[in-house]
Amino acid sequence: MAARYASIGVVGAGAWGTALANASARAGREVVLWGRDRDLVAAMARSRTNPAHLPGVVLADTVRPTADLAALAGMDAILLVVPAQASRSVAAELAPHLAPGTPVVTCAKGIERGTSLFMTQVLGEACPQAVPAILSGPSFAADVAAGLPTAVTLASRDPGIAEALAAALGSSSFRLYHSADVRGVEIGGAAKNVLAIAAGIVGGRKLGASAGAALVARGFAELMRFGKAYGARAETLTGLSGLGDLILTCSTAQSRNYALGLGLGQDEGLHPPGKLAEGALTASVLVAMAQARGVDMPIARAVEDVLAGRSDIEQAIGSLLARPQKAEA
Ligand SMILES: NC(=O)C1=CN([C@@H]2O[C@H](COP(=O)(O)OP(=O)(O)OC[C@H]3O[C@@H](n4cnc5c(N)ncnc54)[C@H](OP(=O)(O)O)[C@@H]3O)[C@@H](O)[C@H]2O)C=CC1
Ligand SMILES: O=C(CO)COP(=O)(O)O
């Protein structure tokens, strides 16, 4: 019997899309990898690498790069791997090429600005005939592409689809847990990026490992409060896509969000320029959504105040430390 989801279309030939294309190929899938930049796609087909976004990684033999979205027609499932704020427009362009009921797995970590919608909600609007799902967890593209052991969560409201997709994409080095808690998975990925900027600031300011650990623990308390207010399950928030990814992204400058905070902490401004740091785009909408449900998120708010130029780093740190004493919750 043919494997379920034998063919996978990957939409977005950035670092994560390229890594996931290779991971899917390693899992035995036939893969079509779409990128919007025709020149880059031609270079990828020629060199079998992605020099723009994942240099040094060789594309698996069964990955076929294309700049034509129509090449994704008939794919058994799609991974949507463009930045969160581009997901609506790309999903809408993709929609006419999809058969009804095709699973589309968003792999972006963010919340849409302007609408305050989570990624699967955006998919539901832009691509209504698809079955939305989400993949998220502690996983740097370079690690996954290198075949280093990685574990993530794949969630769909249809548990059978989540389980079958997890089975189709998994390999000995890329382990997928399945879940029906879509909201929990998307909240963890979006919120941890904002908190990672704060962790980078702590690192850049050389506030010490103790402050770094306190930041992760109190940041996680914020993530939990937000998650509960928006319908996430606690076990998802304490799992790979919540706590797991928070720990990863708050630990190393390999994270672009942490690196952005590091630059801010060292008074270098928004550095490095041109790199996608989703947390910088999510911060304002996350804070507004927290406020709308009465959720206290002082660290996320401090990050947003710094990014918006409402306070400098010293003021932000000072205001966090000057908060009234309270019970740990
Ligand atoms: N990198 C990682 O380790 C991980 C990333 N993620 C998430 O994956 C998502 C993508 O990140 P990543 O791949 O790293 O980002 P990159 O910056 O490496 O790549 C982004 C890709 O999206 C494309 N793109 C950007 N805007 C548009 C648009 N409007 N229409 C079509 N394509 C567009 C870019 O095309 P072009 O080259 O033409 O600019 C590029 O191919 C983010 O939400 C990120 O948080 C999740 C887990 C791990
Ligand atoms: O989400 C990631 C790892 O899980 C990647 O983090 P950055 O986007 O901060 O690089």
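Yeah, the Cβs are placed from backbone N, Cα and C, and that goes for glycine too.
As the structure is a computational prediction, the values presented were derived from the model and not from experiment.
When the candidates Lys192, Lys326 are compared with the sn-glycerol 3-phosphate site entry in TrEMBL, which names Lys109, Gly137, Ser139, Asp245, Ser255, Arg256, Asn257, the shared residue is Lys192. Just one of Ala77, Ala141, Ala308 is listed by TrEMBL for the same NADPH site as Trp16, Arg36, Lys109, Arg256, Leu276, Glu278, and that one is Ala141. Listed in sequence order, the binding-site residues from Gly12, Gly14, Trp16, Lys109, Glu278 having a Cα within 10 Å of the Cα of Ser139 (sn-glycerol 3-phosphate binding site) are Trp16. Cα spacing between Gly14 (NAD(+) binding site) and Asp245 (sn-glycerol 3-phosphate binding site): 20 Å, rounded to the nearest whole number.
Of the chain residues outside the substrate site list Lys109, Arg256, Asn257, Asn193, Ala196, Thr249, Ser255, Tyr258, Leu276, Ala277, Glu278, Gly279 have their Cβ within 8 Å of the site's Cβ mean position. Residues Trp16, Arg36, Lys109, Ala141, Arg256, Leu276, Glu278 are the ones the record ties to NADPH, and the longest Cα gap between any two of them is 22 Å. Around the Cβ of Arg36 (NADPH binding site), the number of neighbouring Cβ atoms within 10 Å comes to 15.
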